[in-house]
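Annotated features in TrEMBL:
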- 12-34: transmembrane segment (TRANSMEM)
- 75-93: transmembrane segment (TRANSMEM)
- 105-123: transmembrane segment (TRANSMEM)
- 129-148: transmembrane segment (TRANSMEM)
- 160-183: transmembrane segment (TRANSMEM)
- 203-225: transmembrane segment (TRANSMEM)
- 251-278: transmembrane segment (TRANSMEM)
- 290-308: transmembrane segment (TRANSMEM)
- 320-339: transmembrane segment (TRANSMEM)
Amino acid sequence: MPRKITSKSRNMTGFIILIMAVALLVIAIGSLAVGRYALKLDEIFAIISNRLFGVPSSYSEASATVLINVRTPRLLAAIFVGAALSVAGAAYQGLFRNPMVSPDLLGASAGAGFGAAISLLLGRSMIEVQIVSFLFGLTAVAITYAVGSKVSRGDNSTMSLVLTGIVVSSLFQAFITIIKYVADPNSKLPTITYWLMGGLNSIGLEDLPLLVIPILIGLIPMLLLRYKLNLLAFGDEEAKAIGVDTKKLRLIFVITATLVTSASVAACGMIGWVGLVIPHLARMIVGPNYKTLLPVSVLLGAIFLLLIDNVSRCLFSVEIPLSVLTALFGAPFFLSLLMKGKKGWV
C-alpha cells in the first residue's frame with residue numbers, strides 16, 4: 001500500500017513557491033545579461049521600457065538585436081521546456097506509480113528525434129523540422145497506446161503500456177541510428193548528431209509559437225487535474241471505488257504529457273534527465289502532494305534548464321549540448337538518491 005499523502009503547511013508551501021518565482025525572475029534577468037555579448041542591466045531595462053512602453057531611452061541597436069532576437073527567445077524556450085519536461089515527468093511518475101519514469105517512457109522523445117533526423121537528412125527548413133518532429137512524437141505515443149491497449153490483459157494494462165513504450169522507443173532509436181549511418185559524414189551527420197544532443201541556440205522568435213502553444217495546451221489540463229494524481233497513489237481499485245475513471249484519467253495525462261514532450265523535443269532536441277530528476281527534487285522540497293508538487297515542478301524545471309543553458313553558452317567558447325550538462329548533474333543526483341534509499345516518492 002502506498003504511504004499516506006502529506007504535504008508542507010499551506011503557508012510554507014506558498015512561501016516556497018513565492019521564493020522560487022522570485023528566483024526565476026532574477027535568474028531570467030541575469031540570463032538576458034550574460035553571454036559572449038554582455039549586456040548591462042540598465043541597458044536591458046532601457047530596451048524593454050522603450051520597446052514595450054515607448055519610454056525614450058538611449059541604447060545601441062546591436063544590443064537591442066541581441067536582446068530581442070537572440071536572448072529573449074532562448075530565455076522563453078528554456079523556461080517553457082524546463083517546466084514542460086518537469087511536469088510531464090512528475091505526472092508520469094504518479095500515473096505509473098514508478099519513480100524511474102521519465103517523459104520519454106512511451107516513445108515521444110524517440111519518435112520526435114526520428115522525425116527531426118529524417119527532416120535534417122532531407123535538408124528541410126527548421127520550421128519543417130520542428131513540425132515533422134512534433135508529429136512523429138505524437139505518432140510514436142499513438143502507436144504505443146494502440147498496441148499497449150491491444151495486448152493488455154486485465155489489471156496489467158499499465159505494465160503493458162510501459163513495455164510497449166520501451167519497444168516503440170527502441171524501434172525509433174534504431175531508425176535514428178539508420179538515419180545517422182546513411183547521412184553524409186561531412187555535412188548532414190554533424191548537424192543531426194548535434195541537434196539530437198539538445199540545444200537552444202537555434203531558437204528564434206518565429207519558433208516560439210510552435211513551442212509555446214502545444215506546451216500550454218498540455219500544461220494547463222495537467223495543472224488543473226493534478227489533485228487527481230493523488231488518488232492514483234492508492235491504486236486503481238481504490239481510485240475506482242471513489243468514482244475516478246482511471247482509464248480516462250490516464251489517457252488525458254498521456255495525451256497532455258505527450259504534447260509537451262513532443263513540442264519540447266521538436267524545438268530543442270532530446271534533453272534528458274530533466275523530467276526524471278526535477279520531480280524528485282521537488283518532492284524533497286514540498287512533499288509528495290501533487291497539488292503542490294506540479295506547480296513547484298514548473299518553477300524548478302524552468303530554473304534548472306535556464307541555469308543549465310547559461311552554463312552551456314558561457315562556460316566555453318563553443319556551446320556544450322544541454323543533454324551533456326543535464327546528465328552531469330542528473331546522474332550523480334539520482335545516484336545519491338538511490339544510495340540514500342529514499343522512500344515515499346509517490
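Easy rule for this one: first residue shown is 1, then count along the chain.
For all residues, glycine too, the Cβ spot is worked out from N, Cα and C.
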Is it true that the transmembrane segment (105-123) and the transmembrane segment (160-183) have 3 or more Cβ pairs under 8 Å, skipping pairs fewer than 6 apart in sequence?
yes
Looking at the transmembrane segment (12-34) and the transmembrane segment (160-183), are there 3+ C-beta pairs under 8 A, with each pair at least 6 apart in sequence?
no
For the transmembrane segment (129-148), give me same-chain residues lying six or more residues beyond its boundaries with a C-beta closer than 8 angstroms to one of its C-beta atoms, as numbers and ranges.
106-116, 118-120, 157, 160-165, 168-169, 172, 195, 207, 210-211, 214, 251, 254, 258-259, 261-263, 265-267
Hey, which bits of the same chain come close to the transmembrane segment (160-183), Cβ under 8 Å, at least six residues off its ends?
96, 98, 101, 104-107, 109-111, 113-114, 117-118, 121, 136, 140-141, 143-145, 147-149, 151-153, 189, 192-193, 196
